[in-house]
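Before any comments, here is the structure.
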Amino acid sequence: MSRERPPGTDIPRNLSFIAALTERAYYRSQRPSLEEEPEEEPGEGGTRFGARSRAHAPSRGRRARSAPAGGGGARAPRSRSPDTRKRVRFADALGLELAVVRRFRPGELPRVPRHVQIQLQRDALRHFAPCQPRARGLQEARAALEPASEPGFAARLLTQRICLERAEAGPLGVAGSARVVDLAYEKRVSVRWSADGWRSQREAPAAYAGPAPPPPRADRFAFRLPAPPIGGALLFALRYRVTGHEFWDNNGGRDYALRGPEHPGSGGAPEPQGWIHFI
């Protein structure tokens, strides 16, 4: 029993071959400029097997291309500058921007009104006041000291060989003087002081300021110290070295204490502030 050969116009029922033909027809309609390989109609004997081999064998030198999304021509690539940066913006519920950028020049410092600075410093002192060590004798600290006007000053000077004459705290620092008994021509007088309750200390030399009124026979030395800290006290003691001996005046072991201003701007003459609004 013989089987008849199908006519040449009969398309074999092969799904892969049909899919290949459909894909070629789609790309030909979308990309007319693409070159298609010439197809030769196979002979009578190689119709079925030649079509199958072309459907399964991959074409050489060709790459698969995806169809354009819009169905139109090729889209031109978007040019992007290397300096282009992406920006991200944040907005609140009303659509307003949450971030505000302000640019400052290094040479131009922002101008802050003086009353704002005073308020900020006052708040900082109130916040950190419990953390600061309380200087010894802070309750007894005063803005000015004048031991020379007290009774018994001459007797105390003879006993100690050195005594504080006067000291006063101002906005620019402390100015004071001391008297020392004239025991020799060469003598050295200095002031040891501290602004943090003697956790740290420094020593400042005193300069000869001439003879002091008798009695007893004595010389006067003047000194200058930094201003007391705000809300605190400056502690100091006097030191006298002469002929290999050393004498001290530390207010009977309590140290001398000068009180600073309670808050910034409390000392000195008030400064005008109206012109700040016109900067």
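Cβ coordinates are placed from backbone N, Cα and C, and glycine is handled just like the others.
Features of the protein shown, as given by Swiss-Prot:
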{"type": "MOD_RES", "residues": "S16", "note": "phosphoserine"}
{"type": "REGION", "residues": "28-86", "note": "region 'Disordered'"}
{"type": "MOD_RES", "residues": "S33", "note": "phosphoserine"}
{"type": "COMPBIAS", "residues": "51-65", "note": "compositional bias 'Basic residues'"}
{"type": "MOD_RES", "residues": "S66", "note": "phosphoserine"}
{"type": "MOTIF", "residues": "87-90", "note": "motif 'PP1-binding motif'"}
{"type": "DOMAIN", "residues": "154-259", "note": "domain 'CBM21'"}
{"type": "REGION", "residues": "176-198", "note": "region 'Glycogen-binding motif'"}
{"type": "REGION", "residues": "248-256", "note": "region 'Substrate-binding motif'"}
(request) List the helix, strand and coil residue totals of the region 'Glycogen-binding motif' (176-198) as derived from DSSP. (result) 0 helix, 13 strand, 10 coil
(request) Report, as numbers and ranges, every residue of the chain located at least six residues beyond the region 'Glycogen-binding motif' (176-198) whose Cβ falls under 8 Å of a Cβ in that stretch; write 'none' if there are none. (result) 133-136, 145, 148, 157-158, 161-168, 204-206, 209, 211-212, 216-226, 228-229, 232, 234-243, 245, 247, 249
(request) Could you pull the average pLDDT for the region 'Glycogen-binding motif' (176-198)? (result) 93
(request) Please list, for the domain 'CBM21' (154-259), how many residues fall into helix, strand and coil according to DSSP. (result) 7 helix, 62 strand, 37 coil
